[in-house]
Amino acid sequence: MAFCALVSKKALGSALRSGAADLGSGLCQIRRLQTFSLPDLSYDYGALEPAISGEIMKIHHQKHHQAYITNYNKALEQLDEAIQKGDTSKVVGLQSAIKFNGGGHINHSIFWKNLAPTNEGGGEPPKGALGWAIDADFGSFEALVQKMSSEGAALQGSGWVWLALDKELKKVRIETTANQLQSSMSCCSTLPGENFTGPPGDKGATSGSLLGIDVWEHAYYLQYKNVRPDYLKNIWKVINWKHASDAFDGEAA
Amino acid sequence: MSSSSSPVQLELKAPPYPLDALEPYMSQKTLEFHWGKHHRGYVDNLNKQIVGTDLHGLTLEEIIVKSYNNGNPLPTFNNAAQAWFSIWNHDFFWSSMKPGGGGRPSGLVLELIEREFGSVEALLNEFKQAALTQFGSGWAWLGYKDGKIVVEKTANAVNPLVADYHPLLTVDVWEHAYYLDYQNRRPDFVSTFIENLLSWDAVSERLEEAIAKAA
């Protein structure tokens, strides 16, 4: 997403200066339109049962996440074309599709890493620096879990509940975001595992977000139906705190 | 609707058909959860919230407009407003459908559609696009505004009582509305709604009311 903003800015700038006449040549040197693809899970679809059913994991990964990627790629292609033509209103009009679908790709890529089978450490509470930070900022691990569950349950409509590091205040915080918005404490993120660079000063992979839980209905409906609180009670059994701890150690350094 | 001294206690209204009447397009199981749990939950939640508050005494529509506050929902009313909106929207949704629905409009509805959109197909295409591009949870609507039929979409529980058009038809595109029957396939759900569930009779009745109100 940062990459695309860079391309758009340059394209718009030169389009305005040159009247869009020579947009192509200036762009060709920096433009490399990347196509994104579905990351693999490091565990089988059924490996998170009974907390999350294999049926849900398969549809969530192969249908929902894939759809975000497909639509993100399509929007990027359309953006590229619109930039080449100097079609500013089309460029602007595509931003919501890019934000939504690109955001969905970012968030789900994080989510798969936030989960782990119980026989691979899923559910084991964090030790070390993240554990201490949680105790300091929430009183106890149990208090954090309870608060994050209740904020996730109270979220109206679709969205995510996050545990994130506020680097300025040096505190871990809970945050909810609507639809496919990212945690406000993750900035200019590269997509995990993919190689492209953002603008200078980019902080690298998903800075700030330690853990996200998808509370869109598709994340739980086939198994938990309307009872989102039950999903939120059970998901803690497969949360990958090791990944969150590693992220915390990386960010807090 | 009620005196100012007694709280407004809402009843859960049943759909105007048995819960299995929309099979195979919308399963009984979906209706049991969507109406029996989600819709019922909003009614129970709201009744709990208004006990002992000054929300009683207002009509449902007055509360919605007041709570929406022109796009900045008042924090103290936010939960109540969501419940109010949701109850209204779901009542409206059930009666936007009927067994043996779909087909084509006739009379004034058809005339207005053809005048504004050129054809029924063009209108339904725009309605479908609205339903598919409502990112996240929400609703797509047909409405009546300034003598014309319009297509709109709203997020979460927002409904047209706070906007400037009279609602004629709605489809719920929260995932719970279709997930048991269609999973991620919202496009299939919306096509099926249009072809097999949509009640043009309801649209006609509501158009007559809207025109009478606007007069």
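Using N, Cα and C of the backbone, Cβ positions are placed for all residues, glycine too.
As recorded in TrEMBL:
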- A:His60, A:His108, A:Asp214, A:His218: Mn(2+) binding site (BINDING)
- A:35-116: domain 'Manganese/iron superoxide dismutase N-terminal' (DOMAIN)
- A:126-245: domain 'Manganese/iron superoxide dismutase C-terminal' (DOMAIN)
The one of A:His60, A:His108, A:His218 whose CB sees the fewest other CB atoms within 10 Å, among these binding-site residues: A:His218
DSSP-derived class (H/G/I helix, E/B strand, else coil) of A:His108 (Mn(2+) binding site): helix
Secondary structure at A:Asp214 (Mn(2+) binding site), reduced by DSSP to three states: strand
Filtered A:His108, A:Asp214, A:His218 - binding-site residues with C-beta under 8 A from chain B: A:His218
Cβ-based neighbourhood (8 Å from the centroid) of the Mn(2+) site, residues A:His60, A:His108, A:Asp214, A:His218 excluded: A:His61, A:His64, A:His65, A:Phe111, A:Trp216, A:Ala219
PLDDT averaged over the residues of the domain 'Manganese/iron superoxide dismutase C-terminal' (A:126-245): 83
The domain 'Manganese/iron superoxide dismutase C-terminal' (A:126-245) - residue tally per DSSP class, helix then strand then coil: 48 helix, 23 strand, 49 coil
DSSP state at A:His60 (Mn(2+) binding site), helix/strand/coil: helix
